[in-house]
Amino acid sequence: MFSAPLRRMMRVTKDEQIQPNSNAPENRKWFPRAPRPLRQFLDTLPRIGTAGSRSATLHVEDEQSPLGATLFDVATGASSINDRDTDASGLEPEKIRRFAWLRLIGTMGALMIAFGALGAGALPVVNNPYVDFPGGNFMSRMLQTSSMIVLIGVGFLVLAWVLMAPLVGIPFKRSGNRTASVSLSMLRRTFGAWVAPIMLTAPLFTQDIYSYLAQGSVTAQGMDAYAGGPLELLGPDNHLARSVPFIWAQSPSPYGPVALSIAASISVITNDSIVGGVLAHRIASLLGVVAAGWAITMLARRCRVSEEASFYLGVLNPLLILHLIGGIHNESILLGFLLVGLELGLRGTDRIQTGLWGPAWTYIALSGVLISCAGLVKVTGFIGLGFVGMALARAFHARGHRHVVAIGVAGLVQVAALVITVVVLSVITGISLGWITGQGGAATIRSWMSMTTNIGVISGFIGMNLGLGDHTAAMLVVTRAAGIAVAAAFMVRMLFATYRGHIHAVGGLGVATFVLVILFPVVHPWYMLWAIVPLASWANRLFFQLGVIAYSTAFSFFVLPRGLALPVGTVFSIYFGAALGFSILLLVGWWSLRRNPTFGLH
């Protein structure tokens, strides 16, 4: 009935899988002995603990899930079976009714966001097509009112999401129930209901989409998007170039050939239509999020974490819906490639451990290609190659290979996948390698969310007040470089922690990316999704989950719908009016529900 390798795997007992052997990476000292003076110096340094030991505490093992079943489930496909998706008859009617109301409240918020965006969204500078939408001409004349409607909608969307937390097993107090009361399919349908209205409206919270459209047109016309900015290449009369934010209008594209080839395809298909291009880019973003959602649930099963809680934090998150779908950022495509590649890579390592070499190499090759494609959207995607590589090296070592051989072979496999992917895509698309030298353009922005930027600006300010002159630019170079160096060192530490088994590859990737975002020269609210989305499928401590809820709730309101700065008085009136309107609607809704407590839908 089973193949010989599978029968051998099934004979492995639980104790044999749990007990580490003497040759395991974590049980052998494999670093060369340092010279005595160096050892004496190292002894004087503060102890920072074993690599990954603190980060690993974000994950709590579920004692009800036997480790011995893991390889069998993965190899036979049993881990893909989920009774909660096929049978919701055991769910409590009261909780189903409550969830249905929350879904409806969130959908109402999404509809308000979509309607308000017709006047408050990131509209094109010329030939605005959204005035022809129902209500668009009317809303476009009222920037402040439209912005209030969007923010009120964000309020209801966020409120519904936050109140769903206990229903997915994330209580607001430590003694609460950690078991999900709703099924994964219910959460997926909720995601569809919340995203559908936003798919059809104007861009939100950023003008970046016009850079994507312009760069796609540049690439489709056979020009090099790395040779100049959209304004230079398309000309000042081009309707796409005129809508690109001034700061990026003369900047080369920082994105890789995968992002540019997608944008070029959309340019050809839509004939540079703004409405068609926005919708097509949104569809691409949605496909990326859907792929990431599939991978999140697979990784959650692998890590023995609640799939419902993982999907709730990583996909249903309003920060993701508002900025990756509403704002149409390339991070959605990046995360789709990255997480699917991560799951396939770990499937390959599982099969190496069980001796299924043929399927293993197929999965590993696909993983390398997909993660390389993630890096060819934005270079931060390449980080995934390192963590899959260390998981692969760990699997090689478990088969009896020496440490140097295991790490060396795994590294060569990942480098080969990267090089082959870059060469093949460059040849097929005809896009140059300018993305390699085109990084760093975003560093011209002084982002208030960036710790290293803030330190540099404060240092320059102190220097000016001390009469030392304005050295802010020089200090920014120093502080930002120091931040990247620290993040790189921490990433190397997490890579070796992954190899030694102190932290799961998913956790190592998420924690390393979190530190990178904290120390990055430029940080936007949605950048934290680089870490939140992978960590959602591994980190199950209540502290982490509530932290994600708090961060996502707060930063869902930090960017105005138009994505541009407005006068202080205007900003105050928008937020004050939105808060007042939200409070009134909330009180009216609460009063209505109190009068009709049994009314509900599902």
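From the backbone N, Cα and C atoms, a Cβ is placed for every residue, glycine too.
Checking the ranges 105-125, 126-146 against Swiss-Prot, the transmembrane segment annotation falls on 105-125. Checking Swiss-Prot for transmembrane segment across the ranges 525-545, 546-566 points to 546-566.
If one looks beyond the transmembrane segment (503-523) by at least 6 residues along the same chain, the residues whose Cβ comes under 8 Å of a Cβ in the stretch are 52, 55-56, 58-59, 299, 302-303, 342, 346, 380, 383-384, 387-388, 390-391, 442-443, 445, 447, 449-453, 476, 480, 483-484, 486-487, 490-491, 494-495, 497, 530-532, 534-535, 537-539.
Here the transmembrane segment (571-591) sits apart from the transmembrane segment (368-388); fewer than 3 CB pairs are under 8 Å, leaving out pairs fewer than 6 apart in sequence. Listed as Cβ neighbours of the transmembrane segment (546-566) (distance under 8 Å, sequence separation of 6 or more from its ends, same chain) are residues 116-117, 120-123, 143, 146-147, 150-151, 154-155, 157-158, 161-162, 165, 170, 172, 203-208, 245, 313, 317-319, 322-323, 327, 525, 528, 532, 535-536, 574-575. Only residues 6 or more beyond the boundaries of the transmembrane segment (404-424), in the same chain, are considered here, and those with a CB under 8 A from a CB of the stretch are 364-365, 367-369, 371-373, 375-376, 382, 385-386, 388-390, 392-394, 396-397, 433, 499. Tertiary proximity for the transmembrane segment (148-168) is limited to same-chain residues at least six positions away from its ends with a CB under 8 Å from its CB atoms, namely 95, 98-99, 102-103, 105-106, 108-117, 120-121, 176-177, 180-182, 187, 194, 204, 306, 308-309, 311-312, 316-318, 321-322, 545, 549, 552-553, 556-557, 561, 574-575, 577-578, 581-582, 585-586. Counting Cβ pairs closer than 8 Å and at least 6 residues apart in sequence, the transmembrane segment (244-264) and the transmembrane segment (105-125) reach fewer than three and form no contact.
Just going by CB pairs under 8 A, the stretch in 320-340, 368-388, 472-492 that sits most against the transmembrane segment (105-125) is 320-340.
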